[in-house]
Amino acid sequence: MSFDLIIKNGTVILENEARVIDIAVQGGKIAAIGENLGEAKNVLDATGLIVSPGMVDAHTHISEPGRTHWEGYETGTRAAAKGGITTMIEMPLNQLPATVDRETIELKFDAAKGKLTIDAAQLGGLVSYNLDRLHELDEVGVVGFKCFVATCGDRGIDNDFRDVNDWQFYKGAQKLGEMDQTVLVHCENALICDELGEEAKREGRVTAHDYVASRPVFTEVEAIRRVLYLAKAAGCRLHVCHISSPEGVEEVTRARQEGQDVTCESCPHYFVLDTDQFEEIGTLAKCSPPIRDQENQKGMWEKLFNGEIDCLVSDHSPCPPEMKAGNIMQAWGGIAGLQNCMDVMFDEAVQKRGMSLPMFGKLMATNAADIFGLKHKGRIAPGKEADLVFIQPDSSYVLKNEDLEYRHKVSPYVGRTIGARITKTILRGDVIYDIEHGFPVPPKGQFILKHQQ
């Protein structure tokens, strides 16, 4: 039999093992895995390379439409492809208007036309003002609903995102449970974090350490505990976003052991940066929840290796450089990171700490695809879409600003020596990024709708 593409001699990350084996692709899907697979129109030799499922990044902010000067589909998805991401799940905030009903999600789809280098799924927003319109987003095909119990949104902009109070969260989660949807939550205690932050600013405490102290671990843990209880009472699946503390992970683990349907994610920056480095890097490393100390980081690595964290995500949330000006308490909180999720975590988790390749594949791709119902994504297996990434191990480079594809070429990882490289990214059988040739085909990404897979 003749195939469209055969990838030969790579160490392939399968679900429960990794071994040198060939992959045949036909019609954009994986047709066979094995040896001596036959002929193909195109053959790629992956000798010495790791062949991973393309990353499913379940937490990105592209900011288009309305804030394309922050980021945009063209720049953001090129950066994603260069970083080994083949599917992103887009958040309903940072763009204007926020994605909270049928009209606003259609604006997202229109804005993305012809610009997606990778595939994308979309989350709807659960906000204080759209409880009676959640069904519109479900009908369109979002794969989940995001909300904040921490303060968010610009109160001076009518159509910006808004946090929810406990009543709004409970009522919204009830409705989402009836739709068989998942609610995703940014978990920090709004009032305590806000007051601690204002107190620090009044007293002139504006360093990175002061910012971290204004959003202590207990504010994350309390919020996780609260939304776990409310989501359970409402009968809704829960996904806890960007957990930053081992104590927070423990709350999820305890609930899971008691039978609750709950998952959680974390981000590379909580594993590879600490508060001292945050102080050194400055506002480019500001995010919330904040980057914590080395002891906290050690605990996070233990939770990751124990299997208590389901997936790793970028929480890519860039902004114009002027919004990062001033002191740390004043600056916008958000990290530009999606281009360096895979290479940084392959280096830090696999090469430096001995994580198995199958576990790496689950954390970067498989589990997120399963959590959000992306049926054709996240695995190297017959019948799945041929979304693949070639990783060159033990190949160090220093990240430079000009390497970045973002609208604004800044990142807290600039200057970092990264010990692995993404050399090729394949989306549905086509090479969309190559380290030597850049982006060889026009954008071919498409939106994935929950009900139309």
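Cβ coordinates come from backbone N, Cα and C, glycine included.
Going through Asp310, Asp315, Asp343, Asp347 against Swiss-Prot, the one listed in the Zn(2+) 1 site together with His59, His61, Lys146 turns out to be Asp315.
The Zn(2+) 2 site in Swiss-Prot is built from Lys146, His242 plus one of His69, His186, His316, namely His186. Proximity of His61 (Zn(2+) 1 binding site) to non-local residues of its own chain (separation of 6 or more, Cβ distance below 8 Å) is seen for Glu71, Glu90, Met91, Leu93, Asn94, Asp315, His316, Ser317, Pro318, Gly334, given in sequence order. Annotation for His59 (Zn(2+) 1 binding site): spatial neighbours Ile89, Met91, Cys241, His242, Glu265, Cys267, Val313, Ser314, Asp315, His316, criterion Cβ-Cβ under 8 Å with sequence separation of six or more. Report note: the Zn(2+) 1 site is defined by His59, His61, Lys146, Asp315, and the residues of the same chain whose CB lies within 8 Å of the CB centroid of those residues, excluding them, are Thr60, Met91, Leu93, Cys241, His242, Val313, His316, Ser317. The Zn(2+) 2 site is defined by Lys146, His186, His242, and by the 8 Å test on Cβ atoms against their centroid, the other residues of the chain that qualify are His59, Met91, Phe148, Leu184, Val185, Cys187, Cys241, Asp315.
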